[in-house]
Amino acid sequence: MRNLRLLRTGGCRPAAAPGSPQCFCLGVDPGTVFVGSQSGLLELDCAAQSVREVSLTAEGFMPEDGSGCIIGIEYLPELECVCVATAAGDILLCNLSTKQVECVGSVDGGLSAMSWSPDQELVLLATGILPASSWDDGKPRVTWRGDGQFVAVSAVCPETGARKVRVWNRELMLQSTSEPISGLEQALAWKPSGNLIASTQEKPNRHDVVFLEKNGLLHGEFTLPFQKGQVKVNISACPRALLLYSVENPSNISTILQLDFFLFSSAAKVLVTAFHHAVVPPPMCTYELQLKQAVNQIAFHTDPKCSGNMAILDADNKIYVYRYGESQSMVEDPTVRLGAIGGNGFKANVEMPHLDKTYRVDLGSNTNEVMNPLGLRFLTWLPDDSFLVVGEDQQAARSVLHHLTAAPHVTGAEEEHLNLRLSLPVNGEVISLCCSPVTKTVALQLADRQILKYLWEASTPVLEPWRTSSGCALQFPHLCTQTSITRIGGEEMILGLTDRCRFFVNDAEVASNITSFATYNEFLLVTTNSHTCQCFCLKNMSVKALQVGLSSVAVPNSETLRKVERGSRIITVVPQDTKVVLQMPRGNLETVHHRALVLAQIRKWLDRLMFREAFQCMRKLRINLNLLYDHNPKASIPSSVFFCCPTFSFTALVFFRYCLSILTAHVKKNPPELETALQKVHDLRGNSSPSVAAVSAEEALKYLLFLVDVNELYDYSLGTYDFDLVIMVAEKSQKDPKEYLPFLNTLRKMETNYQRYTIDKHLKRYTKALGHLSKCGPEHFSEFLNLVKDQNLYCEALKLYPSSTQEYKDISSAYGEYLIQKQLYEQAALILARAGIFEKALDAFLSSGSWQQALCMASRLGYTKEKLSSLARTMQYMVVLPLQDCEEAVILLLEGAFWEEALRLVRHFVSQDQLMFLDSQKTAFLRHKSRLQVVRELKEKTCESLQDYEAPYCPEFDILSETSSVVTPSDMSSRYSHSNSRISARSSKNRRKAERKRYSLKEGNPFEDMALLEVLGENVRAVDSVKDVHVLLKQLVLFGFDEQAEGLQQVLEEVLQLMETSIPEIWTPALQQSSLNPVLGPDSTANSIMTAYQQKRMVVPAVQG
């Protein structure tokens, strides 16, 4: 345990004592103490062994008869003087260097207390003393909070005669008054961190330390290990511990770590906890050792094989040796009593120590050390059963190292003696001592930070400076409160830790955030300010590598680092084990198994072929069992090593039992198949004739409980609906039968489907629960629907009912309402429409902006034209209705990204447009064909009447003879000559316009037949351009418009057949062979005909049909 340790002692013997001490304070320099008495003030410098005195009686401030009293003193560094307050009311400033005393103030009526604030900016003076009692002197007590913002005063109330604690701020404004506490005593101390105020309370049958909060309320308490009236206690607080000491005997000291628990006391009782067997929070313990005198020190044997043996040094300088096992008689040791374990009706399963020997320390002629109850320090029990202690030298600030050996045993003697083998004076004061049983070396740290070495097995042991590998004498840069000897990279070195968390290896600082450390074999364990515990193997490591490891950030929970609670400190590493005991800030103890230590211990066992120990440790600490083989694949694992021990658990047979291997595979799958594993257990239980070598259901279940947490397994067993299996698992758990048996009995009475629904709902397997509840009939549908709504299981619920049922419609309605609440209107509309709830679907489509689907729903609801128009007017989006201009509507829809509606219009209107187009082309073709036939007949009659007429030669006659309408020669000659006479005067634009007018379809036009041929050619080309209508036909068939596709195909075939049969009639063979006929084909236009005529160049057309 982390206890209060005596670090150093000092003394100074003045030539003439100026009265008895009344109060004291510490100076700035270490070892300087100012003591006030009834005659004056003393300055004691223990280091320099000097004494300076200022007499207050000579100055007239204290009476010469010795009745004066100093009620408080405080050293003021800035003034280099001591402030002294007397009971008479004087406040003095004393300078011991100049022997000057100055009275800076006086209080009429006297003073009872003086207390300076921590920053020495304020001083509090108290007056008045009430009559004293046997346990209360009636004087007030003052304590400041660490930051100096508040001060607590404990004073006796004149009305009630009881003490109360009042808290004031720096302006002396009352903050709180404590609640009435019967028997509250004068002891008072405020924890520096400021959260608790400590005092003592006398009760009828015990003596307690009580804690108060700043608001005056009680916070907690604990009982002191003294009988009532045995000791008068005072209290002093420091940041890490609460110090209690006897007013009559200040050497009787107790410590309370973190104001929570009472630990080891230097009273006559030692509390011992055997960490091998139990780790219990103090003040509980495994057993107690009751001695006759107050205990000063405890030392454990330095031999790892005997590390539990203890040597106890008491205030009478006697050493009591307690051992385990050897030469223990059957008579119980009266000094040993069980603590937290055992008790009435229980048998302690732990080995108890016994008092083996009692030694009296004999230091020869130096009897002064024997008389001093704290004269011996750093008791060390060496492996050869000799002892080392450090005592005080007669000279100032010097220590003496004593090596004690046991004297020959005297028969019948109650005590044995320890003879002084040798005493080695130390040129300095010893601050710490550590030893290494491996190298038989002791290291002593002096107050000046030098390190001395002592080899106790040397023929002539001597003290010599500890030298590094370079030959330099070792000296720590700072004073270390904890030291240890270890080997790093094969070299023996000293580790040191200061009270400021600075960690040294020899004289090199390797870290500045270490809060505690411990060495165990070749390992170093440290805790850090970042709340981690790190473990390093020093066997093959250099100091530089250690420094890097301490400064780097390792991965949490790796082999070398693990997280620990804030403020954790290492107590010890249990020898021959993997336990690391940590003390928490609250004072309680925790045990961790650091992975690095565990793996190292397992490797040692495997190297020694101790497979059973390794297997049990790995199973207990959840280490991958593959390490049994991977550590040394060449080493065989004999089954006898595992199973010869009759107490060995059957689970070791997992390597050889097939069934358990199957269970392991199911459990270790990701995700685990626990239900399948439990079903295997269920099958084993149902096996009526198991073989001798088979695993029973009980064994299989026990094995599963080793792999899986029992509470988790209970839930999975309940999910198998096998109540016998559930009871088997429940019996292995910590559950109270009163909890699960009524629940199981209620389930047994239910109908099967409803029973399974109840179980699944209890296990929060809502999907399965829904499936079972759907089979329970319509009377449970309301409960079914409530579960669907509570757990949002709409999709799962819809799968459980056919779409034609009313249940499906109700679920869809609820689902739609849920989606509408989530503002998912379109999804809601689709769900409602699928279920035939068109009215709600229409509203949802309108909310989602899907006006097309809204129109469809309106159609399904049978809306009239007026109602449909009214609905369209209420929509906020443009509705494109099927009007005359379909193409414009499609273009508008495409530009607005209304793809679905555009596709709908295309599907609906394109087929109609094509039918109308083909019909119009067919009608026009027949009309123009008939007119062409009439014009040709008129032309033939006119030509017959003009056969004898001779006219001037004109190139146009070649054309007119075949194609002209019936005109007289004079008309033609005059009209053409008139046109020819003016053509040169026209512009080319007007000429083209005139030519186009000449070839018009106006009846009687001389070029009407040519115009008809042009129009008929355009008809042919127009129909030919829609031959790719097969693409449209595919789409019509794809979207189910079979009737429209069939009608369009039939009309197209009729038009194509008509044109193909009419082409020979329109473009006769004689016309096709003419030199001019190419321009009159189906591909000719008016412009092409005129261009060809003017250039007297014709192109052979390709007649298409």
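Here the Cβ of each residue, glycine as well, is placed from N, Cα and C on the backbone.
Nobody curates TrEMBL annotations by hand; they come from automatic prediction.
Features as listed in TrEMBL:
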type     : residues : note
COMPBIAS : 970-987  : compositional bias 'Low complexity'
DOMAIN   : 1-128    : domain 'ELP1 first N-terminal beta-propeller'
DOMAIN   : 133-233  : domain 'ELP1 first N-terminal beta-propeller'
DOMAIN   : 269-571  : domain 'ELP1 N-terminal second beta-propeller'
DOMAIN   : 595-635  : domain 'ELP1 alpha-solenoid'
DOMAIN   : 657-747  : domain 'ELP1 alpha-solenoid'
DOMAIN   : 754-872  : domain 'ELP1 TPR'
DOMAIN   : 912-1066 : domain 'ELP1 three-helical bundle'
REGION   : 970-1000 : region 'Disordered'
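Note: the domain 'ELP1 TPR' (754-872) comprises 91 helix, 0 strand, 28 coil (DSSP; helix = H, G, I, strand = E, B). Taking every recorded stretch in 595-635, 657-747, 754-872 and counting its Cβ pairs under 8 Å to the domain 'ELP1 N-terminal second beta-propeller' (269-571), the highest total belongs to 595-635. Confidence across the domain 'ELP1 first N-terminal beta-propeller' (1-128), taken as the mean pLDDT and rounded to a whole number, stands at 84. As a summary of secondary structure, the domain 'ELP1 first N-terminal beta-propeller' (133-233) carries 0 helix, 48 strand, 53 coil according to DSSP.
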